[in-house]
């Protein structure tokens, strides 16, 4: 199982290599970190729509849903306690991302992945056995620790193991894994909702132990990336052996030279101050992207679908089972579109997918918002025809996200940083992602109650902003080796005016 490839390095030599079975299996195992993240996203939205779960932990919402017909369709599920259950994971993930940065840089990518799986496994046990809301939330916090480590380390691991020409496809495997996890959760929710006795939600939460166990045990057998070996131990010989194994060829000296140069003595001197160094002028473009891309990824509105799809479909008038089945449909669409992105991202590039996906999301959001504004009032539901039209538009929206901002929101930040600040840069990306995921998760139900159908136009406005941002400020990074990525900023119409004024000194501000 090999695909021949030659890559030109900085000095004009060629880095020989092919996609080996060893790399594919290693990356598939590492990408299980995405499965646990996706499973949690999908399972949360499902269990919070299950009546036995609401009756046990959120009784007030249960009573509103069952008997208080005076409550607006848009406000039935508005509860700070319910949103705290959903968003507590992202608070823990936000703070964990900085600890994970240190572990990933000092000890390597592999230990962070192991730590993430173990913490997620502990959180799963607490959630499945919860008998009060506080135990439930503590379990969520542990899940957040696990996801914080996994989201920090896995995208870096995938980018560093991949050949430059296939880096987009391999890294997009992380988002594909998130989609697979979410789809699996939606299918499980659809099945457990039918369990008599009202304990189906426990099965849904406890089943997260399956991917978490695979990740924790499997990560123990993962090879460390050559980049990390050079950075943490300066063991060039071991890094060369790993390179030879993952590239499937003996001649890896050119690629090893590039890695060694990237982790030169100057880089070693500054890496202990990587969070300070990343603020320097020479890294201004990367820092902007590390903040802007995860922020934009969250304000696409995808978490409206990811967290609350069943609740949203119930708002439209669908029943409990139909709402969960609709979530399965959107999960299938999202996973399929991410797979398509894997096939085309290294051919058509990041910018094209960002822009096309943005336009697709904007159009579908405007149509959904328009239908709800005209036909969904405070009481009563949509007609069956309009409800299905909304479902189709949401699927189109999910597809647009699935081949653009979903996978590329993880891919681009993981590939743009030089080695000496790569871990710090990724931690900023993860922290910003968790911060705004928390904000959206904590405020969406209240926003839905107050904005009503306008919530879709709110997120649509952000889609316009982010699409324009990508068009003007994001250079194309496809097929560029990680160790040569600084050139895309030096040649960009805007960023060259910033980085072009600096030299190789790390003193420049």
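Cβ atoms here come from the backbone N, Cα and C positions, even for glycine.
Marked as domain 'Major facilitator superfamily (MFS) profile' by TrEMBL: 26-478. Feature annotation from TrEMBL assigns transmembrane segment to 19-39, 81-100, 112-131, 200-222, 287-309, 321-345, 352-374, 386-406, 427-448, 454-474.
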Handout entry: Other parts of the chain folded back onto the transmembrane segment (112-131), taken as Cβ under 8 Å at six or more residues beyond its ends
Key = 30, 32-33, 36, 57, 100, 103-104, 138-154, 157, 202-203, 205-206, 208-209, 212-213, 215-217, 219-220, 222
Handout entry: Chain residues outside the transmembrane segment (386-406) and at least six past its termini with a C-beta under 8 angstroms from it
Key = 175, 178-179, 296-297, 300, 302, 305, 309, 313, 316-318, 326, 329-330, 333-338, 340-341, 344, 353-354, 356-361, 363-365, 367-368, 371-372, 375, 466
Fill in the blank from the handout: Long-range CB partners for the transmembrane segment (352-374) (under 8 A, at least six residues beyond its ends), listed in sequence order, are 300-301, 316, 341, 344-345, 382, 386, 389-390, 393-394, 396-397, 399-401, 403-405, 408, 452-457, 459-460, 463-464, 466-467, 470-471, 474
Practice task
Sort out for me which stretch, of 81-100, 200-222, 454-474, has the most Cβ pairs below 8 angstroms to the transmembrane segment (19-39).
Solution key: 200-222
Practice task
Please give the average pLDDT for the domain 'Major facilitator superfamily (MFS) profile' (26-478) in this predicted model.
Solution key: 84
